[in-house]
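Copied over from TrEMBL, here are the features:
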type	residues	note
DOMAIN	39-147	domain 'Ig-like'
DOMAIN	155-250	domain 'Link'
DISULFID	C201-C222	disulfide bond
DOMAIN	251-346	domain 'Link'
DISULFID	C298-C319	disulfide bond
Amino acid sequence: HSTDLSFPHPFILRWGGCDRARTQAVVDGRSSSPGDATPRLQYLLEPLHTAVHTQRGATATLPCVLRALPRNYRVKWSKVEPANYGESVIIITNGLYHKNYGPLSPRVRLRHSHRYDASLTITNVALEDEGRYRCQLVNGLEDESVSLTLHLEGVVFPYQPSNGRYRFNYHEAKRACEQQDARLATYQQLYKAWMEGLDWCNAGWVLDGTVHYPIINSREPCGGRLLLPGIRSYGAKDKQRDRFDAFCFTSALQGEVYFIRGHLSFKEAGQACRNHGATIAKVGQLYSAWKFLGLDRCDGGWLADGSVRYPITTPRQRCGGLPEPGVHSFGFPRKELRTYGTYCFVGT
């Protein structure tokens, strides 16, 4: 339902002046007024868990439950947008009616399992839905809120184009990841990938416009042997002028990746997939099939960007001899070369 409840219409709420002070005074749902040694919520229940884990394509619910219904209240859901220091309004309700805002509008609803329930349900979760959300009770001067984080399970992979490393400015890196069924990884996603074993010597952009590279085995070409393992950082760089690789992130696959044998050129590989009612797989789709479906093949195959790769879940001597599982690459061979098969993708 929707009706005119004199809801504010701004899609982006800027943090400035009084709004910023109010935002800083209500962090993770707890009031921080001076002298309040034990801050408590009056109307909103503290969530048992502030992180919700999900996958692309799933339905996720961010909990927000009231312990009592104040007079003339509203509940406002928003998504924190670090890139522009603001919040995107998603939905506002007064308990009887609600109004949706912004690009999430078609995929969100209030759970409303009972009259105290203002939880937000997101259907068909997309890669860009990951992040921090805020459920705010607007009740005159007694506003309070809880913050929750939506985490997507996924995989981070380094990416560079066919013409070599350090070719992307920020906007080109962002577009390149999107073309490979992925998005630029967040710093937190890159950090988690490093914790799980990602070791890569080339620096790449992440979503907030900073540049990093993850090192597990310290070595001379990668900052030297004396530096401890970790995320090496170049900090924020010029998004137009500076050029690096990209760290992309993708989540669960909405379809299937399979291999077609043959000695195919790149053009023939694309046609072979189309003959089966499929498309040639993208790099992110191959990583997703490896991560979530356990795809394991010793055969190099063409992908949509012109690279040749193969996914290994169980390392063995005859499959490149590399000791670590992963998606391994033969780079970008000449497209006329008839040496490889192809990986195809068919959606569900």
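Including glycine, each Cβ sits where the backbone N, Cα and C put it.
Around the Cβ of C319 (disulfide bond), the number of neighbouring Cβ atoms within 10 Å comes to 16.
Rounded to a whole number, the distance between the Cα atoms of C222 (disulfide bond) and C298 (disulfide bond) is 29 Å. If you draw a 10 Å sphere around the CB of C201 (disulfide bond), it holds 15 other CB atoms from the protein chains shown. Computed over the domain 'Ig-like' (39-147), the whole-number mean pLDDT of the model equals 92. If you take the C-beta of C222 (disulfide bond) and look for same-chain residues 6 or more apart in sequence within under 8 angstroms, you find C201, Y213, I215, R232. Cβ-based neighbour count (10 Å, all protein chains) for C298 (disulfide bond) stands at 13.
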